[in-house]
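Structure record follows, encoded as structure tokens.
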Amino acid sequence: MFLHILCLLAGQALADDYRPVFHFVPEKNWMNEPNGLIKIGSTWHLFYQHNPTANVWGNLNWGHATSSDLVHWTHEPLAITSENGIEAFTGTSYYDAENTSGLGTSDNPPYLAWYTGYFPSNGTQDQRLAFSIDAGETWTKFEGNPVISAAQEAPHDATGGLETRDPKVFFHADSGKWIMVLAHGGQNKMSFWTSVDAKRWSWASDLTSTQVPGLPSAVKGWEVPDMFEVPVHGTDKTTWVLIFTPAEGSPAGGNGVLALTGSFDGTVFHPNPVNVSTLWLDYGRDFDGALSWENLPDSDGHRILAAISNSYGANPPTNTWKGMLSFPRTLSLHQSQTGQYFLQQPVSNLDTVSTPLVSVKNQTIAPGQVLLSSVRGTALDIRIAFSANAGTVLSLAVRKAGSQETVIQYRQSDATLSVDRTTSGLTSYDPAAGGVHTAPLRPDASGVVQIRALVDTCSVEVFGGQGEVVISDLIFPDETSDGLALQVIGGTAVLRSLEKFPRLGAVL
């Protein structure tokens, strides 16, 4: 019965223009990267780049949605609007707990949001401020905008202020100052600015590709910075993390999201040498412009991250909406004998809307056997743990019917995890919409490989191991492609555990 209800819900979502069941999408029209992610009280706030009047990029405002669990979302009115010929580009939010900005009171400190003001008439970009004194429900633009003008940017920007955007702002307690990180796109650099009141800013330093030891030369076009301090699990230390989205050089081609670690003294970020094997936060094509939620307790020991799942502009075959939020994931940093590495997992709130559907333990699967062929579903959470003989390929096909399928595969011979979209459904909308995306994934110390696949109406997000690697891809299969098949090639595998959960209920 649960599966039947799920298939009906997922079918309704697909019939409604590929709308997902448990991922956020706008009610209508265009969405790109998330903005200003912040938790206020028990409410998660999602702001995002949004064109409310058309299904293409342009006329960008801050869309707004709220949630109590990061699974179910409520659409809210626009937060920061495009007006007077100035669009509201990407930015971030932060709680001004001490009211250093003077935009609230000591009894009711404000929430602040910095964003890039974009002038379509001439391409100018400057930095602007808005504030909220009603817990993020409504936002007022600062009357002294811009807080950093294009003229002020010009000495630090090769284009004279035409390519300075995406402010990431946080309060740095050790220096007692606000820090702003700005991206400079094709110049492959970030600039760092400081302020004592969140309104008046001074340039402090630049970070360029030549200052990042070991950064591959193919990584170009730096966009959408995020920066924060996290504990290093396995030690008693903390470190700083700088995330950004390069336009080129990612494992799957096109935009990708990488993370640098290092130290920060309030003025200069000093990056550690890059370990290419742990550089990328996603090996798929569709994880772009990632940001993390602010105002979480330090005791959590992790950040919660989300990105836009779309690297094809207006090309995907959705007619009433464009752009989907990746499912929120935790991000934590760990220390091993060989170095530091990140782990990512879907937020645990997903478990609260799931009911176990299939459970298998300690079963050997040999070539010729096909498991799960009688199971149907288009919105699923599949978790597999297995050990494989030499030369074994374990293959999990999802959204399968006839010749159509998306194949998640693990190859023992070269220890790789992959997602194959070659026959996943509609791919003609963009030259990059098909193909195979691969990530390195070694078994754990006991020889067990773990795979977790989140499957929704038009996406797969595959987490390998404890979350050492992730592959996120959009897919557009037929509505009737709802089958699964689990099999092995070239050897046997022992399924230590297999669990399959349906997603119960739509997101919105």
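Positions of Cβ are set from backbone N, Cα and C atoms, glycine also.
Residues annotated as N-linked glycosylation site in Swiss-Prot, with sequence analysis given as evidence: Asn99 (among others). Non-local contacts of Asn99 (N-linked glycosylation site) by the CB criterion (under 8 A, 6+ apart in sequence, same chain) comprise Thr105, Ser106, Pro109, Pro110.
Positions annotated as N-linked glycosylation site by Swiss-Prot: Asn122 (among others). Under DSSP, Asn122 (N-linked glycosylation site) is assigned to coil, being neither helix nor strand in the three-state scheme.
The N-linked glycosylation site annotation in Swiss-Prot covers Asn275 (among others). Shown in sequence order, Gly214, Gly339, Gln340 are the residues of the chain, 6+ apart in sequence, with a C-beta less than 8 angstroms from the C-beta of Asn275 (N-linked glycosylation site).
The Cβ of Asn362 (N-linked glycosylation site) lies under 8 Å from the Cβ of Val494, Leu495, Arg496, each of which sits 6+ residues away along the same chain. Annotated N-linked glycosylation site per Swiss-Prot: Asn362 (among others), in sequence order, evidence recorded as sequence analysis.
The signal peptide feature in Swiss-Prot is assigned to 1-15.
Around Asn122 (N-linked glycosylation site), no same-chain residue six or more apart in sequence has its CB under 8 Å from its CB.
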